[in-house]
Each structure stands twice: as structure tokens, then as C-alpha cells.
Amino acid sequence: MYSEKVMDHFTNPRNVGEIENADGVGQVGNAKCGDIMKIYLKIENDIIEDVKFKTFGCGSAIASSSIATEMIKGKTIQEALELTNKAVVEALGGLPAAKVHCSILAEQAVKAALLDYAQKNNIEIKGLEDFNPDADHHEHHDEEIDE
Amino acid sequence: MSKRVYLDYSATTPMKKEVLDEMLPYFTEKFGNPSSIYSFGREAKQAVDTARERVAKLIGAKTNEIYFTAGGSEADNWAIKGIAYANKDRGNHIITTKIEHHAVLHVCEYLEKNGFDVTYLDVDKYGLIDLEVLKNAITDKTILISIMFANNEIGTIQPIKQIGQIAKERGIIFHTDAVQALGNVEIDVDELNIDLMSMSAHKIYGPKGIGALYIRKGVKIHSFVHGGAQERRRRAGTENVPGIVGFGKAALMAMENMDHHINHLKMLREKLIKGIMEKIDYVRLNGHPEKRLPGNVNMVYEFIEGESLLLSLDMVGIAASSGSACTSGSLDPSHVLMAIGLPHEIAHGSLRLTIGDFTTEEDIDYVLEQLPKIVDRLRQMSPLYENVKGGQK
Amino acid sequence: MSKRVYLDYSATTPMKKEVLDEMLPYFTEKFGNPSSIYSFGREAKQAVDTARERVAKLIGAKTNEIYFTAGGSEADNWAIKGIAYANKDRGNHIITTKIEHHAVLHVCEYLEKNGFDVTYLDVDKYGLIDLEVLKNAITDKTILISIMFANNEIGTIQPIKQIGQIAKERGIIFHTDAVQALGNVEIDVDELNIDLMSMSAHKIYGPKGIGALYIRKGVKIHSFVHGGAQERRRRAGTENVPGIVGFGKAALMAMENMDHHINHLKMLREKLIKGIMEKIDYVRLNGHPEKRLPGNVNMVYEFIEGESLLLSLDMVGIAASSGSACTSGSLDPSHVLMAIGLPHEIAHGSLRLTIGDFTTEEDIDYVLEQLPKIVDRLRQMSPLYENVKGGQK
Ligand SMILES: Cc1ncc(COP(=O)(O)O)c(C=O)c1O
Ligand SMILES: Cc1ncc(COP(=O)(O)O)c(C=O)c1O
Ligand code: FES
Ligand code: FES
């Protein structure tokens, strides 16, 4: 069901944990839907020096958050903003259709953490103006049903 | 992965060797069509008759009240649609529960789109229906009560005899989905006032793709699969002879083995529940503490999600099942866990371990060694657990 | 009885050893539920996927257009009811023929009681429909044409491609019951314009109790068995994994073997027909001389009755089938033989011998040795034959 890459990140998730006094913290999803993702950022000179995550969710939710942290670590804020859920899915070697929303969650968690950083420091980050961390991230990819 | 521990007997069971041995001749040698009159057909017909007797005996039915189907789902579909359409001159109201298997629920939903009214009874926190509520739900138009014998997720066993009694007094047909109960609970259809009952062989160490519907003599029902004259003209299709033979053998073994089987499962179940309770915090048992299937251990592990628990168990060779519907591609948690009142996030953290005849004490020990480590690891990753720990500090 | 010659391959076939070998591991070892995510389930799922590919390949379909069922009868029931109810906003008219299998006819009769109109096309003396008559039968309300690929009694093969073309031009869904044709005729669903097609494994040396419905992508159809999410949410029930695996292997072997199989059967068929014609008076072939199944020898033996013929053959170890419905408990002769215009008394004297892969020349020789003796003996007892002899004298 899952690619080797997904299983690898699920089994040995990178960057699990918290950052004390993080510069930005973002949390998306809700327990009702069975998934919460929380991302902590340490940012210096526009560069993401460190990143950690915690996730309550399924295998692909954990793998998505793990690979997303890897993909933004050491990158600039602008580069991190360009992280799309598609890129996450590709990096994971694909996700089942029903699990694509887990990767969307990862993209949004990163953005939410960046938004928090912007708000704490009173700066505007280009590309985040319309971002709403509480927006419903669920996309249903059910197979055809005929009734 | 070397060690493999299968704890998903409620999903399906391995077939017993004795069952396979009994089936084997009917594939390549005694392969005749039982409807034929020549000798190739006669030996097949005899085998089908014997199997029918065995299944009948397991549930205290008459031989000619057993109709073979392709499994539990077909039996459920047949019972409910067949009764609904054959009795629609008497009414259009059906009573069932919120915790039925999808093979019952989805048929009911289909019928709702086609002129029938369906009442879905609530259950209490243990998964039990309330008999008074059932009585009050009955109207002049009620033609069918369909309530499952034992629930596949949480294992709760309903008061079937009393339900049957209520149905009987009111002249309403009573169907029960006994797919999970068969072989795990003593069943006598007469004593329990059951009119129709769904069964499936692959849950009792028989083959997949074969089941049966018990239909009490005299009950008015439409055919579901129309065509040839098989199954006393009620269910068409060349008989799945090896499957039927296997079901018969499994039924015979279930009957002979019942006491030992139930004791073995209960013993291991108690050991597993006790061990989990002792070793892991923030867990609770779903379903009724006593009125439950002997092999069912469905528990909530707070702050973590079922699928990741499943995957982690799989990596150490343990096969289980999750109350979380993430696995099935839908985002809603199990309708059963919602019906017993679990909040969403808790329902997502449920895990079902189901024990069977081949489960050993060592298997349980292995689970009790692995599960706490896995739960701990996942909780360390969980943002929900963080809050709890914070609160405790 | 020492010698046994099975000549009823159209009723059912023995399973091939290779098929059984491929199925065996899925009963007791790889017994997992394919819907589960753990490794026990994955190996079962892979096996099901492979089987689906093999069946798809045999008929030129895409893998996701194959839906496994419990056999040919369920496939027929599903196709016809599922299409009828899903498309009833577009019309309520169905066209079929008088010579369909009961799994089609009885469903059509059921639908007639529930608001649908059904036209049953006549056939000519060979059992062929008339394409012009078909065209004229189509109305604005026609939603489905269901015409069998090859007839199970007389073996006649219909002009499926042309029927499909007519349906396609008029935007009507086309279903064909190919239970008898599968493996005996080259089938490509795209080339033949088929929208739905029923198949059954036990007619092609696979297991009983498993079949499939081909459903062209995009065709609007209701589910028949509601419940779990199996078969892309279209057909509920735990998959009959060994059955599916066996069907897949049988399909693969049918494909690899097709030419040889057809030649072998045709050769023996011609030998048998020729021998009977030479050795027995007052016989004639039912069905079309060329457009017929390679293994089908259905003949009329005037002045005698089919059941007594069958019993006598059985006593010398030959398994056959009769056009006479006496065997099934009804006194009417076969609807197929009536439809091709045979008078009652002649229809009663029909015998179907169907040849398969395991049939040998010696088997045919044995039949040619026994059958004339039996026919003669029965005719000596027949008051009808007396008259003929009288006339001839
Ligand atoms: C033409 C035809 N259709 C349908 C069927 C039914 O198939 P099954 O016996 O697999 O249900 C048969 C054989 O019995 C058949 O010959
Ligand atoms: C309670 C219940 N009903 C019905 C079914 C369906 O049975 P089958 O898989 O044989 O169609 C199952 C199991 O899947 C079940 O647990
Ligand atoms: S968190 Fe449930 S599907 Fe990913
Ligand atoms: S002659 Fe006896 S049933 Fe046909």
C-alpha cells in the first residue's frame, strides 16, 4: 500500500520533537479528522536553521511531516514557502489517492509555522497573505461509487 | 520479519487442514454438477446434503432451512431485500441498529431510497440496544427487525432471545447477522426465536466465498439470485461444491470443539486485556466487559492514531485491525465506535486484536512485549500527548 | 461400473491440477483478508490483482473493468437488475431472447413484475436471432439488450459483434452472457462492442462458485451485493481469494491453450457427430452446423425420451445431459428446444454430449459403441417407434 520511502519515514521519522522557544510554531488539522500536525521552526537570517515536528495521524501523515521537515531544513523562508504537497508526494514516491490530504496537511503545517513567525516578528511574508491555517484541508479522493 | 502473529481472526480465519482435506476430492475428481442425475452428479449432491445437515445441526435448524450463499454479505443482502420486497404489502418499515455491518446498513440505505422507512436504533456505551426503545420503535408497518448477533468491531453480544421474543409477539420477521457469533456462541434458532440468520464460513476456519442464510420454514421471501433450480429454487447458480463441503466440515468441527474453543479464546483474551491494562496508560476497553465475543480485544490507546499503530505492529509481524477508517480510504472513524459515543479523536486511536484457535500464550506474550514500546514511540511523536504530559508535570 | 466417460463439460468441468496447485497456498497459509493492510493481507491482495489481470487479458478488457462474483448466475442477475434500476430514468424496456439461460430469463420475468417491459426475441431453427427483428424491437425506451454469446444447450453462437454494433449506434447498453463462450471462442470486448459480460470459472476448468462480470468503464450500474468496499465498492463480501486465484489460472491456461483446445474439441465433435449419424437412424443435430461451440453435440433421437437415455448411458458410465427438463423436476421440455421449433415429443428426445480437454478418441469410440445399442433398446420399447417401423414395412 505504501512506498518504501513512506515506510522508511514512518519507521525512522526525521526531526521528531519540539524546539524550545521556537521562532515559529504551526499546528493544522484536528483530532476529529484523525490528524494533527505541529511544526516548530528555528529561523536565523531568513534561514531555517532547525525544524521539528509532532504528528497525530496515520502512516502517511507521519511520513509526510517527516519528509517535509527534511525538505525545508537549511532553506530560506521563501524556498520553504514553495514547498507544495505535490513535492511532498513526489519525494515520498507517491501516496495512495485517499492519503493525498496528509501531504496537504504537511504543506499547510509549514506555512502555519511561517505565518506564526511572521506575526511574532511583525513582518509580512510574500505569498502568505491569503493563507488560512484553519481552512479545511480535506480533499476526498474516493473511488467512483454508482449510487 | 521472522515472527508472525495473526490477531485478526474476526477479519478472516486460516482454513483448518481437516477442512481442506475434506474439500480436495471435489475439485478434480468428484467434480460433477450436483443438479445432474448421473453418478458424477450424485456424489456431489450427497456431499452437499451432508454439509447442509452439518450446518443445520450447528444452529439447531432443519436441513431444508439452510440455503447456501457466496458469503455473509450476500446472506445479509438477500435476507433484507428479500423480506422487504416479499412483504411490502404488509408494511414498509424496518428496524435495525446503528452498529450493523455495512452489508446490512448499505442495503437499508438502498431500501430507504426505494420507498422503505428504516429506524436505526442507538446503542449504549457498551454497544447494547435498549429493548424498551426497540418495542417503542415498532409500528403497524414494521415488517422486519434486523439486529446483529455479535458486533464485528467491539464484540458486543445483543440480547437476541429477547429481541426474537418481541418480534414474535408482534408478528414481525426477525433477521440476525450471526457472521461473528457463529462458532463462538451457542446458537439454537428455535430457542432464540430467529427467523433468518446470516452465516459465513471463512470466520469459522472454513473457506472464503461461501456462507448461508437460515430461513425458517414458512417465511415469505423473494429470491435474490434468480435462475436455475438450485437450493430448492431459491438461490440460483451451480453449487460451489468444495466450498459447501468445507463449510460443512468447519461447522462440524465448530460444534464438536465449541467449549474448548470458547475457553481457550477467553483465557487468552483476559490475559491480553490484563496485560495491556497493566503495561500501558490511557487505555480503555471498547464494548461490553462480559457480553462480548470470546476472542475480541478492542481497545482505545489515547493520543495516537490507529493506522500508524497497525503499521507499526505489522513491522514486528503482528496482524491486527483498526477502528480507524483511515485504512479504508475514508476519513470518518468507524460508525460503531461513534455509536458507542467515543469522541472522534479517541475513536481514531482504537485497535482490534482478535484471537483464534491457533493463537498461543507465546503470541500474547509477544504482543505484550511489543505493543507498549510501539504505543510509547507513537505517543512521543504525538502533539496530543505532549499536552497531557505538560498537564501532569 | 468400471469405465467412466464424462461428456457434460457444458454443465461443469473438472478443475485442472495446475489450477488447484495455484489455489492451495491461499487456503491455509496465505489466508489473509485482501482488504487488510498488513502483510498477511497484502499477499492475498497481490494474488487477487494478478488473477484480475489474467481474466481481463483473456477478454481484452482493462483490469479495473473486471468484477468478481460468485458465478455466472450472479453476474447475469447483477448485470440485468443493476442496469435496469440504474437507468430507469431513461426507459424501462429490455430486449433479450427466448433461449437465454434461466439466470437471465428469470430476472427478466422478475423485472416484468416490477414495471419493466421485456421483449423476448425469437430465434430461427438453428437458434440464431434475426438482426433486423432486433433493430425493429428497439424503442425509445430500450435501455438494455441482453443476448447470450453461445447457447448452453444447442451451442449456437450469436452474431455478437453485429448486435454490439446495433446497440452502440442506438446508445443502448449491451450485455452478453458468455458463460459458455469463454475459453471456447476468441473474445475481445472492445472489438465486439460488449458493455457487460458474464463469466463463470467452473466452465473453463476453474473452481465452482466464482465468476466475474465485465463492466465497461463509464457504464452506469447499481451494486447488487451492497456492503463493504471490495471490488472497487461495487460488490461487497470478503474476496474468495482461492477461488479468484483459481479463476485467474484457468483464464491464463485458456488463453495459452485456446487454439489447441478448440481444434481438439472440434475434431472429436465431428467424429462423434459423424459416428452417430452413421450408426443411428432418425437422428438430427440441434443448433447451427458451423456457428456452434467446439465441444457441443446436441442431437435428437426420435421416438425415445431423454431421461431414459441419460439413465441408460449413466449405467454404462457415460455422463451426459438431456434437453428434457424431466431431470429438473418440471415436465416441460427445454425452452431452447421449443424456441428452435422442435415439436414436444422430439424435444423430449434430445441428448447433449459436450466434449472437453480431457476427452479422448477412445471416449468417443466408447460412446459410439454404447449409444446405438441403448437407443435401439429404448426404441424397441417405444410405441412411437412401432408405428414408424409399421409404416416402413
Ligand atoms: C449460459 C449460462 N449462463 C449462466 C450459467 C450460470 O453459471 P453459474 O452456474 O456459474 O452460476 C450457466 C451455467 O450454468 C450457463 O451455461
Ligand atoms: C458481522 C458481519 N457481517 C457480515 C460480514 C460479511 O461476510 P462476508 O465477508 O462473508 O461477506 C462480516 C465479515 O466481513 C461480518 O463481520
Ligand atoms: S491521517 Fe487519517 S488518512 Fe492520513
Ligand atoms: S416422463 Fe416422467 S417426468 Fe418426464
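Placed from the backbone N, Cα and C atoms, the Cβ positions cover glycine too.
Among the features that TrEMBL reports, domain 'Aminotransferase class V' is placed at B:5-367.
The pyridoxal 5'-phosphate binding site annotation in TrEMBL covers B:G72, B:S73, B:N152, B:Q180, B:S200, B:A201, B:H202, B:T238. B:S73 (pyridoxal 5'-phosphate binding site) falls within a helix when secondary structure is assigned with DSSP.
Neighbour density for B:K203 (N6-(pyridoxal phosphate)lysine): within 10 A of its CB lie 29 other CB atoms from the protein chains shown. Annotated N6-(pyridoxal phosphate)lysine per TrEMBL: B:K203, in sequence order.
Here TrEMBL flags B:C326 as active site, cysteine persulfide intermediate.
According to TrEMBL, the [2Fe-2S] cluster binding site annotation covers B:C326.
Under 8 angstroms separates the C-beta of B:H202, B:T238 from a C-beta of chain C, among the recorded positions B:N152, B:H202, B:K203, B:T238. B:S200 (pyridoxal 5'-phosphate binding site) falls within a strand segment according to DSSP. Residues B:G72, B:S73, B:N152, B:Q180, B:S200, B:A201, B:H202, B:T238 are recorded as binding pyridoxal 5'-phosphate; their most distant pair of Cα atoms lies 30 Å apart. For ligand 2, the neighbouring binding-site residues among B:G72, B:S73, B:Q180, B:A201, B:T238 are B:G72, B:S73, B:Q180, by Cβ distance under 6 Å. B:K203 (N6-(pyridoxal phosphate)lysine) and B:G72 (pyridoxal 5'-phosphate binding site) are 10 Å apart (CA-CA, integer value).
For B:Q180 (pyridoxal 5'-phosphate binding site), the same-chain residues that are 6 or more apart in sequence and have a Cβ closer than 8 Å to its Cβ are B:S10, B:M148, B:F149, B:A150, B:N151, B:N152, B:G155, B:K203, B:L293.
Among the recorded positions B:H202, B:K203, B:T238, the ones whose Cβ sits under 6 Å from an atom of ligand 1 are, in sequence order, B:T238. Taken as a whole, the domain 'Aminotransferase class V' (B:5-367) shows an average pLDDT of 95 in this prediction.
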